Structures are given as structure tokens and as C-alpha cells.
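S.K.: Okay, here's the structure, questions in a sec.
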Ligand SMILES: Nc1nc2c(ncn2[C@@H]2O[C@H](COP(=O)(O)OP(=O)(O)OP(=O)(O)O)[C@@H](O)[C@H]2O)c(=O)[nH]1
Ligand SMILES: C[S@@+](CC[C@H](N)C(=O)[O-])C[C@H]1O[C@@H](n2cnc3c(N)ncnc32)[C@H](O)[C@@H]1O
Ligand code: SF4
Ligand code: SF4
């Protein structure tokens, strides 16, 4: 939505050739991670970006400033890799919150370290947080993430709720034969503790290229599992958000399904992504990027950054083509794009 500015014209919307208006920016703050989820990256990790290649805090703030003042971006989600690994994150959040046209700020995290930082992040201006959790069973957690950190994640969830980073949403990627039998339990856990639960179809974006459609648990199956245990009342979809949502009858708990593969929502896509090394991507599955870091470090004016951004969005395709024979994985995996 266009908003008037105290010192200039309202930003003109960031519209692509299909008429989709982009208001949601996802910013990856690092490609590093302290977990090794099997559906995301290999046990040995990846060749992390060298630190000088990462955008500095000043550079992130400058790009978000341009995006909010000139391009109509209203929401910014901080992600990664694991964004809580970024040093001084509350300070960066505070700077983004203090911009002339501050966006709504949210965070997607694996929750490790959130127990320590939730209150500081809220005080800095973070609105809400989504925490990834694939199982409630310690041994299974270690098998899925290759790290023994379940208590840290649960403590992070509690701290986020206590800090009022609401709603706290849990993101679960069910994998057949691994944790798909826990869908009902995870939803019951959300009811008991006042979280929202979302179940995500896995996508061919793991770094090892091992994604297998047959191991992906479909939205239909997820809803079948939930339906065995609960009555679900449709709650619709919030604007262009990926999650279709239901309220669990007799509770205030909302559960969602993100069916990127079997029920793609590309027709309403309002997202653009900035990688940790400053490359703009018009789609999770984009095969081309626009190097904003080179512009920044070359001394570009705001107008040049704005033009590059609009040009990137102008080249956006209709959506992913996971089911097409021509489908080609992007060069970067999910953890390096910013999920
Ligand atoms: N295909 C596709 N999937 C997406 C996109 N954005 C998010 N997702 C999927 O949704 C999952 C959860 O993303 P989150 O980072 O929690 O963000 P979100 O669901 O947009 O967050 P809310 O604003 O709280 O609804 C990701 O892991 C992706 O699998 C997108 O633009 N395209
Ligand atoms: C890439 S992670 C980055 C943020 C943080 N490390 C986390 O796990 O929340 C963002 C989201 O992507 C999801 N994700 C990772 N690999 C995925 C895949 N192959 N398909 C679908 N979602 C995936 C994770 O479950 C998580 O909810
Ligand atoms: S899903 Fe998130 S926590 Fe898991 S390995 Fe990927 S980036 Fe790390
Ligand atoms: S796959 Fe691309 S076009 Fe489709 S919703 Fe995701 S980012 Fe948007």
C-alpha cells in the first residue's frame, strides 16, 4: 500500500508484469547455521560466505530504508541461515525500527539463543517470531537436526511468548517416515502452550539435492492427520501469506499448512528476497539475481538502487515450476537464499 511521506511523494508500488505488488521483503542476515536439518543442508555444513562478503549493518539499513521509503515495502522478515547468529541483532533491529518509514519487523529462527535475546529483540522493535520445530522428541530432534538442542528451542519458544512476540508460530517440515506421525502431537502442543502451528511441504531447495517428492508430506495428508484429532474451522489466508489456516474447534489455536508444492500460491506472491551477500532475488526459485551490494559499494545513489530493484521485479516469472520437466533448481539452497 502506498503511504504519504513527511518529506516526499508516496512510494510507487513495486509491481511486476503480472500486476503483483511487492510489499514483503525477506532479508537473510547470514548463511551460517548451528543446526544441520536433514531437509536443508548436509551434515558437514556448507562453504559459508566469507565475512567481508556479508552486508554490514549499515548496508542492510540503507537498503531497507530505500525499500520502505521508495518502493512501498511494509514488512521485513529477518531470516537466514540462522539469523540469531548475527552479532548485535537487537541493535540492527532497533535501527530498522527507527527508520523514517519503519516496516513491521519479524524473525524466522530455529530458536537457539532466543531465550537470551527475545526480550531485547522485542524492546528493539521486533513484532513477532516464527520458530522451527520438527519434533518434540529429543532423540528424534537430534536425528533431524544433527544437534542435541531441543531444550534450547523449547526455552526459546517460551521466552518469545513471555516477551509478547505474538503470535509465536511454530514451523514444522514433516518428512515421511521421520516425523509425519507427530503432526497431531505438535498441534496439541501448540494448543497447550498458546502457539500457532504450521506444517510446510518440503521443497527442492536442500543443499544436497536429495529432495524426493515421495518423501514430501502433502497438504492433503497433513490435513488428514490433523482431522483425525481435531475439528478444523477454515480461517482463510491472511492477504497473500503462504499459509492456509484453520482454527481448532473449541480453542483459540490456529493451525496452518504451507502447500508450496501441491497448492502453489505464486499468483498472489508479494515477496522479494535479499541474500546475506546483498543479492536481490525476485523468487525463491529465481535463477538470476541483482547485485545490490556492488551498487552500494560502488557509491550508488538511492535512485540507482531503486531502479535496479524495479528492474529485478520486472523480470519476475509467474511462479515456480517444480512439477514441470523444465524445472531447474536455483544455484543457492534455501539456507543461503533466506527461507
Ligand atoms: N514457495 C514459497 N514458499 C515460501 C515463501 N515464503 C515462505 N515460504 C515457505 O513458508 C515457510 C515459512 O516461512 P516463514 O519464514 O515462517 O514466513 P511466513 O510463513 O511468510 O510468515 P508469516 O508472515 O508469519 O505468515 C518457509 O519455510 C517456506 O517453506 C515464498 O515466497 N514462496
Ligand atoms: C531456511 S530456514 C532459516 C531460518 C531458521 N534457520 C529456521 O530454521 O527457522 C527458514 C524456514 O525454511 C524451512 N525450510 C528449510 N528447508 C526447507 C525445504 N527444503 N523445504 C521447505 N522448507 C524448508 C525451515 O523449516 C524454516 O522454517
Ligand atoms: S532449516 Fe534453518 S535451522 Fe535448519 S539447517 Fe536450515 S537454516 Fe539451519
Ligand atoms: S515460489 Fe516464487 S513466485 Fe511462488 S510464492 Fe514463492 S517466491 Fe513467490
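The backbone N, Cα and C atoms fix where each Cβ goes, glycine too.
Relevant sequence annotations retrieved from TrEMBL are reproduced here:
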DOMAIN    17-243  domain 'Radical SAM core'
BINDING   26, 77, 108, 169, 271, 272, 273  GTP binding site
BINDING   33, 37, 40  [4Fe-4S] cluster 1 binding site
BINDING   39, 81, 132, 203  S-adenosyl-L-methionine binding site
BINDING   266, 269, 283  [4Fe-4S] cluster 2 binding site
REGION    320-339  region 'Disordered'
COMPBIAS  323-332  compositional bias 'Basic and acidic residues'
S.K.: Measure from the Cα of residue 203 (S-adenosyl-L-methionine binding site) to the Cα of every one of the binding-site residues 33, 169, 269, then give the nearest.
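M.R.: Answer for the nearest of the binding-site residues: 269.
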S.K.: Among the binding-site residues 203, 269, which residue has the fewest other Cβ atoms within 10 Å of its own Cβ?
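M.R.: Fewest other Cβ atoms within 10 Å, among the binding-site residues 203, 269, is found for 203.
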S.K.: I need the CA-to-CA distance for residue 266 ([4Fe-4S] cluster 2 binding site) versus residue 169 (GTP binding site), whole Å please.
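M.R.: Here the two Cα atoms are 22 Å apart.
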S.K.: Where ligand 4 binds, which of the binding-site residues 26, 39, 108, 132, 266 are close by, with Cβ under 6 Å?
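M.R.: If the test is a Cβ under 6 Å from any atom of ligand 4, the answer is 266.
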S.K.: List the helix, strand and coil residue totals of the compositional bias 'Basic and acidic residues' (323-332) as derived from DSSP.
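M.R.: Final tally across the stretch: 0 helix, 0 strand, 10 coil.
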S.K.: Distance between residue 37 ([4Fe-4S] cluster 1 binding site) and residue 271 (GTP binding site) at the Cα atoms, whole Å?
M.R.: 24
S.K.: Cβ within 8 angstroms of the Cβ centroid of 266, 269, 283: which residues besides those meet this for the [4Fe-4S] cluster 2 site?
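M.R.: Going along the sequence, the neighbours come out as 20, 265, 271, 282, 284, 285, 316, 317, 318, 319, 320.
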